[in-house]
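Asks: Quick one: structure below, then a few questions.
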Number of protein chains: 2
Amino acid sequence: MALQCKKQVIRKDQLITAYGIIEMKRGVSVSDSDGAEFVPLVVIELAEDIKEEAVTWLLNRIKDKQQLGGAELLVDQLPLGGQGDQKGNPNMFIVGATWSRLLSGAEDVGLVKEFSDGSMRGFTYTNKDNFKDFLGDGDGFLSIAECQYIIKHELDTLRAKDETHIPGYAQIKLYPGKSIMRRMQSKGVLVQIFPLHDKEDLKKLSLSWYRKVKISYQPLADIRHYFGESMALYFAFLEYFTFALAPMAFIGIPYYLFAWEDYDKYVLFAVFNLVWSTVILEVWKRCSASLAYGWGTLSRKKAFEEPRPGFHGVLGLNPVTGREEPIYPNTKRQLRIYLVSVPFVLLCLYLSLHVMMIYFHMEVWVIGLHEEEPTFWTSLLLFVPSIIYAVVIEIMNRLYRYVAEFLTEWENHRLESSYQNHLVLKVLVFNFLNCFASLFYIAFVMQDMALLRQSLATLLITSQILNQIMEAFLPYWLQKRRNKKVHKRSQRTMVDRELPLTEQVRLEADMSTYLGTFDDYLELFLLFGYVSLFSCVYPLAAVLVVLNNITEVYSDALKMCQVFKRPFSEPAADIGVWQLAFETMSVIAVVTNCALIGMSPQVKAYFPESDTQLILLVVGIEHVLLAFKFILAFVIPDIPKHIQIKLARLEFQSLEALKKRKMLEAAGMPSKS
Amino acid sequence: MALQCKKQVIRKDQLITAYGIIEMKRGVSVSDSDGAEFVPLVVIELAEDIKEEAVTWLLNRIKDKQQLGGAELLVDQLPLGGQGDQKGNPNMFIVGATWSRLLSGAEDVGLVKEFSDGSMRGFTYTNKDNFKDFLGDGDGFLSIAECQYIIKHELDTLRAKDETHIPGYAQIKLYPGKSIMRRMQSKGVLVQIFPLHDKEDLKKLSLSWYRKVKISYQPLADIRHYFGESMALYFAFLEYFTFALAPMAFIGIPYYLFAWEDYDKYVLFAVFNLVWSTVILEVWKRCSASLAYGWGTLSRKKAFEEPRPGFHGVLGLNPVTGREEPIYPNTKRQLRIYLVSVPFVLLCLYLSLHVMMIYFHMEVWVIGLHEEEPTFWTSLLLFVPSIIYAVVIEIMNRLYRYVAEFLTEWENHRLESSYQNHLVLKVLVFNFLNCFASLFYIAFVMQDMALLRQSLATLLITSQILNQIMEAFLPYWLQKRRNKKVHKRSQRTMVDRELPLTEQVRLEADMSTYLGTFDDYLELFLLFGYVSLFSCVYPLAAVLVVLNNITEVYSDALKMCQVFKRPFSEPAADIGVWQLAFETMSVIAVVTNCALIGMSPQVKAYFPESDTQLILLVVGIEHVLLAFKFILAFVIPDIPKHIQIKLARLEFQSLEALKKRKMLEAAGMPSKS
């Protein structure tokens, strides 16, 4: 969709040496203010009313040599566009870099690439020729997503030198070492910064991914190439999850068709389910380790994490780096978490339960009313409680999300990762309760299995359909309509159907921003809950979830490629806190399934005299299953043996190299690296 | 007790430069065959009938320069001793090293020491002057235990070059890279290798440790200095465990004195107990991290682990090192574990339960017999079942231990650590069952709380007394008697009361070998079980365990200093698999305590109509407590914040240094390390 303005390509021969990554047929370049040409990779949008001196200063800092503390990137202002009728933000800048700058940046961010001997090693500029895919001047060595990630990193680590504030804005304070872009972003002077789509690549990717309906694996390597590791890992998990549920779905169908009420067999099914869900979660760790190893994120060393943009505090010395930066006492944060956030979350959970109880009371009241005097109006009235409850839940979810974000922001976490973890935890707990509380109530208080089955099916199906419409198709349709308008407008003035760069950038700037994989994982998490928590009363859930996941792949792919701005690639070695969330869910599933089995009349029939024996037996089985789960998780290694060996080999080699180097140094000989 | 032969000190001035660690007043040295003098640190005892050529070859390999593949250590044969009436093994050798060899060895083993800026860094020979306690030529920088550990390491890594077998022994094969000492040890040619005690240091240590009865902490720094980190960590844990139990003991006393049968309060006590035991185990992790950081073992990089002496297999290439070494397929080992060891262990567990049942039947039968016709003989007969059971348990324990060792050996683990883990697990499970099965039976099958309390007290007290007698005082008395004999004999010929080196070495060679902290931890583990599993029926257990631990410190200290050969120091950063064992025990304790509370008549009285409600409530509380435990373990960070910061700072600095070095190299300037 982007980077298409063949007319603008000038001096092709120069471009090859300066920037080898994009094949010439779709090479795009713009001229830097100094006349240097570059391919635009990232767009910076500043506030419309920003002061001129701030812009000049920022551009100079971006262009400055690294020795002078600059980022040494190429940057140019985006022209206002050909059409006068359209008023855009004039302060949009496109950023690129020379090839060698990108390579040295790859070293800064710690990219891990395949070495000539097949091992994965941290890329170093001096050693570049020894890496496997580094041919000639390195054409194709870095993917565009990696280049954009590098530019983002270099911009983020552009630090204030001796400036005390941003020129023209005395109130936006700076101190030596503060990241300029982060400060500008948190103060609203920087509106957004986003990487550009690449129409050619995108077309190829979408063709192999979702344009054709076919039975094959997803093109994970291409997805990773275009969107980065974090996205690729999400799609890999989605695919894995679908395949892993297939056996459960397969076994579930005959249960649904032939043995609806035969609990003896459900016990078998539930036990299989519980063991299976433990195994698939453990095996996923191994799969994700294999993927991450191949992508070079498993052995990647984490760079020192910068404070997140919103972090504030009294200026002090960071005890780790010794640099000046805001310091916020940990005890204060802990107090905020435990005295405000935790009670608030608990209050919300209580409220949510209360609303649920009101709903059940309303339901009973309406049914009573209808049974007393059944008229047309009372039969309509029967639907009212569910509708009200659904609406209220939706409103509560949204409200809670805002408050959770506000609270987590207010807790003032220094690191983005810790902010994310606290936010995920808050939202997760609340969503879990909202989704499953009514089912728990039906199952364990009302003990009405038929109703449970019915509610489960209704919830599962409606939430799936609603989700996919709201999340992908509706935005896609809106986006499509907008695109058409722009196309029409530009066709009025241009002969070529391809949009010029300026239009393209402005179009992408208006696209919605993808806010990360959070909501996608949350959806999978809730689906996993539907499958595992009540699997023994509704074996068909797995079938529904598998069907949903298959369409989910397509709708998510469509969403990523057509609806949203391209997101910056995020290196990721695993699915992080979600692994823990899924594992916790599978522990809870053991408890609920055992309880459901114990409550079934068929099982109860075996213990006609006393419930006591039955309960003790069920509790005993539950404990054994839980113990078995933990032993299983302990026995299955998290990293496959062959990856462990590769990692150990690398470590051994680096230790040996260090020893050799030291022996040479001790012998007075100069060390060669 | 050792290294005392002042007569032998010659050329004091030379000794200071050659070996600065031992202060001159107690300096000891022997002459190498080349005339070099050194302080004996480690003793190697070869088989009495070893062939002369093997000895010569071994000594040469030990003395050879490192460039030639030798260990570059100093070694000398121990003279046969002055007295003709005493025939010892003539093939005993004492090993030492020059000071600079020890320092370069310290780098090889990866010792971490305090740097001049207060951080802990890996010691390097070239940088030695920048370490905090390195004064002059490094006098006192390494403790003797460290020196002995270094010598052990250098001997262990003495590798075969092109020898195909040990000279004189065509059947003892060697291959390039095989550790010579390990091969000789596994073939019995090398009888033993042990470090020498240091009488002066030992006297100081024992004075501050156990000679005076006083209320103070143990001298952990001195213990670590003399015995190494692994031992010091054991004593630190013993001390910590004692202090941690003190509150439980303190609260337990009034329960014992005033409220013996009042279960309402026991519920409180049990809940406190459960939460407390979780907290102390979590806090211990933090303590141990602090200690290990200060000792330099926390940030120490693990060297590549060598195969253990008994490991065998087909010669192949190690995939990690690329070196030739025996390869044993992992699948084969897994088969042996899961098809032989696991079933065998389960069978033993079943057998042990069976024996217990027989005991209970015998008990019932004997009581019946006595009640039918009570005579003096039948009242004597009452004790017979317990005695038989105790004897049988003891026999089973010993037999099982041998079989467990045999099986684990047969599983053919490549690494000593993995061998140890598998052995610990096997022994642990069996001991747990043997110790607690009868208590479980009394508690949950017989439901006789009075008997439970009585058995608990009996078991606890007798096992404590027996343990300390068998483990420390009896061996101490035997050792003392032997020492006296030797002293008497030597006094006949010598005027000085101090024993000459030769006698001392032979005396120590005959002392028992300390087999590691396994049995000591096992004892603590079982005590922890007595305290936590049934805490709500017998609050006095904590008091007894605290009393036991206090004497345990003294008896263990006595044992280490007087009874055993000095053990080689073992670097350790935590208590390893025992942390997991203690945590598992505290999880089981939640289950048992909840069950005991639910079974108490006082609690049952609250639910007169039905047991069902009571059981459900108890199960509910149990689940909440378990969830709370896991959350608590998750929330409390394993490493204290200030240590985390120090570790992060070190990593940050090394990253920065790497960056700087690379920038210098890129600029074409030579790098300085």
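For all residues, glycine too, the Cβ spot is worked out from N, Cα and C.
Sharing the features that TrEMBL gives for it:
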type	residues	note
DOMAIN	B:223-649	domain 'Anoctamin transmembrane'
TRANSMEM	B:233-260	transmembrane segment
TRANSMEM	B:266-284	transmembrane segment
TRANSMEM	B:337-362	transmembrane segment
TRANSMEM	B:374-392	transmembrane segment
TRANSMEM	B:423-444	transmembrane segment
TRANSMEM	B:456-478	transmembrane segment
TRANSMEM	B:524-547	transmembrane segment
TRANSMEM	B:614-636	transmembrane segment
Asks: What else in the chain is close to the transmembrane segment (B:423-444), if you only count residues 6 or more beyond its ends and a Cβ gap under 8 Å?
Replies: 341, 345, 348-349, 352-353, 356, 359-360, 393, 396-397, 400-401, 404-405, 407-408, 451-452, 455-456, 459, 518, 522, 525-526, 529, 533-534, 537, 577-578, 581, 592, 595-596, 599
Asks: To the transmembrane segment (B:233-260), which of B:266-284, B:337-362, B:374-392, B:456-478, B:614-636 is linked by the most Cβ pairs under 8 Å?
Replies: B:266-284
Asks: Are there 3 or more C-beta pairs under 8 Å linking the transmembrane segment (B:456-478) with the transmembrane segment (B:614-636), counting only pairs at least 6 apart in sequence?
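Replies: In this chain the transmembrane segment (B:614-636) does not contact the transmembrane segment (B:456-478) - fewer than 3 Cβ pairs sit under 8 Å.
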Asks: Residue list, the transmembrane segment (B:524-547) vs rest of chain: Cβ under 8 Å, 6 or more residues beyond ends.
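Replies: Same-chain contacts beyond the ends: 237-238, 241-242, 245-246, 248-249, 251-253, 255-256, 263, 266-267, 269-270, 273-274, 277, 428, 431-432, 435-436, 439, 443, 449, 452-453, 456-457, 459-461, 463-464, 578, 581-582, 585-586, 588-589, 592-593, 596-597.
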Asks: Mind checking which residues of the chain, 6+ beyond the ends of the transmembrane segment (B:374-392), have their Cβ under 8 Å from one of its Cβ atoms?
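Replies: Beyond its ends, the transmembrane segment (B:374-392) has Cβ neighbours at 355-356, 359, 362-363, 366-367.
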Asks: By a Cβ-Cβ criterion of under 8 Å, what residues six or more beyond either terminus of the transmembrane segment (B:337-362) are in contact with it?
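Replies: Non-local partners: 384-386, 388-389, 392-393, 396, 400, 403-404, 407-408, 411, 422, 426, 429-430, 433-434, 437-438, 441.
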